[in-house]
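Step one of this worksheet: look at the structure below.
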Amino acid sequence: MGFSLSNFTSDPFAISTVSFGIMAWVVAIAGAASSKQENFPHFSWWGISYQIVIILIIFVLYANNNIELYKFTLVGLVSIAFIYTTNSTNNLIYNSNSAGNLCCAAGCILLSILNLIWILYFGGHPESPTNQFIDSFSLRGQGHEQLGSGSHNHNANNANNNIPIGAGNAIIGKGEMSPYDDRFAASGVNQPTSESLRLASGPQMGNGPFTTTGAIINPNLQQPLSGSIGGSAHHTPTNINNNNNNNTGYMTSSHLTGLENFSSPHVPGSGTGAGLGVGAGRDLTHNSNGGGGSGGGPASANNSNNTNKRNTIYTDSETGTGITFRYKAKALYSYDANPDDINEISFVKDEILEVDDIDGKWWQARRANGQVGICPSNYVKLLDT
């Protein structure tokens, strides 16, 4: 999680209540310091000291983004502070006419009001009307630095350093990212060309007749020459001439997620499509061990090896992005994604989402239609599974 002032400043309720509490406490401590000590209730000093400790604790919890984990503890602590401030107010008003005592009493009255608000909010259920009204003022357009201790911004700033192809993002120029679902990566529609793909430096192709871990993006052909196409991952020739070594990028086998179904006329056993398209008549839902689709190897391969076919439609535990969604959450409110942030997803109230990476104020989420993105954690509630 980590300490970050942005976690505190992004919550209007936290800013307003903590700021109000500090001002009220300054009024109370100023009145206590200016009053005659023989007429001042000595126990009120402890109540004033206890109150500033509670204010600092709440500030630290908001800054560390774990206020939700200590709400019930805070209810008990703030309730004690409420008793102290109300008792001090009674003693200061009715037992002395000192100006300092009355000033301290005014500060204690303000602190009592603040403590009552905190008790109602921290002790209330997230779906209660009061909590829903307060949470409705939360900022939507913040920079999402809270996700995984700022990993959202860190990954966006370093997008050009190491982005695996088919992992849900492609680089369109410098720093711009365009999401697309890996399940449609083989369609050849709206796919970046090889000129626009910038890959991190990977292992070079071997010198032997075959390779098992490489794939070449040939800028002249504008299509991948993959080592895992059509089930023939171990039979990609390496003696293919490349006329432009400067524009050639290399991918390891871990980068091939989502490119398995790409076809190329230069690779044995693949379809006959060009560019990033699909081979003619290629069956995208099943692959056989024989290395041929209906666009490559013999047609009998798909008929005789039905038991060896693999369904390439992703299951609940295989999303194409390498994320396993371990939790389910219910949307407490409807949310419209920020059009300027391609990573956000929209959802409606009471919709059931699959979530993961639940640290921070922004969680990884997947809708029922398969859309993957991030959602604000204060708009959803984890369900018991």
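Every residue gets a Cβ built from N, Cα and C, even glycine.
Summarising the annotation, Swiss-Prot assigns topological domain 'Cytoplasmic' to 1-12 (among others) and lists sequence analysis as the type of evidence.
The transmembrane segment annotation in Swiss-Prot covers 13-33 (among others).
Marked as topological domain 'Extracellular' by Swiss-Prot: 34-42 (among others). Panel annotation: around the topological domain 'Extracellular' (34-42), residues 88, 91-92, 95-96, 98-101, 103-104 of the same chain, lying at least six beyond its termini, place a Cβ under 8 Å from a Cβ of the stretch.
Residues or ranges marked as transmembrane segment in Swiss-Prot (evidence: sequence analysis): 43-63 (among others). Using a Cβ-Cβ cut-off under 8 Å and counting only residues 6 or more beyond its ends in the same chain, the transmembrane segment (43-63) has close neighbours at 3-5, 7-8, 11, 14, 17-18, 21-22, 25, 28-29, 32, 70, 74, 77-78, 80-81, 84-85, 87-88, 91-92, 104, 108, 111, 118.
Counting residues 6+ beyond its ends, the transmembrane segment (66-86) has Cβ neighbours under 8 Å at 1, 14, 44, 46-47, 50-51, 54, 57-58, 108-109, 111-112, 115-116, 118-119, 122-123 in the same chain. The transmembrane segment feature in Swiss-Prot is assigned to 66-86 (among others).
Feature annotation from Swiss-Prot assigns topological domain 'Extracellular' to 87-101 (among others); the stated evidence is sequence analysis. Under 8 Å from some Cβ of the topological domain 'Extracellular' (87-101) lie the Cβ atoms of residues 31-36, 39-41, 43-44, 47-48, 108-109, 112, all in the same chain and six or more residues away from its ends.
Positions annotated as transmembrane segment by Swiss-Prot: 102-122 (among others). Under 8 Å from some Cβ of the transmembrane segment (102-122) lie the Cβ atoms of residues 13, 17, 20-21, 23-32, 34-35, 40, 44, 47-48, 51, 58, 71-72, 74-75, 78-79, 81-82, 85-86, 88-89, 92-93, 130-131, 134, all in the same chain and six or more residues away from its ends.
Positions annotated as topological domain 'Cytoplasmic' by Swiss-Prot, on the basis of sequence analysis: 123-385 (among others).
The feature region 'Disordered' is assigned by Swiss-Prot to 268-315.
Swiss-Prot lists 270-280 (among others) with the feature compositional bias 'Gly residues'.
Swiss-Prot lists 289-298 (among others) with the feature compositional bias 'Gly residues'.
The compositional bias 'Low complexity' feature in Swiss-Prot is assigned to 299-308.
Annotation comment: Swiss-Prot describes 324-385 as domain 'SH3', evidence class sequence analysis.
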### Distant-in-sequence neighbours of the transmembrane segment (13-33), which means Cβ under 8 A and at least six residues beyond its ends
40, 44-45, 48, 51-52, 55, 58-59, 62, 67, 100-108, 110-111, 114, 117-118, 121, 134-135, 137-138
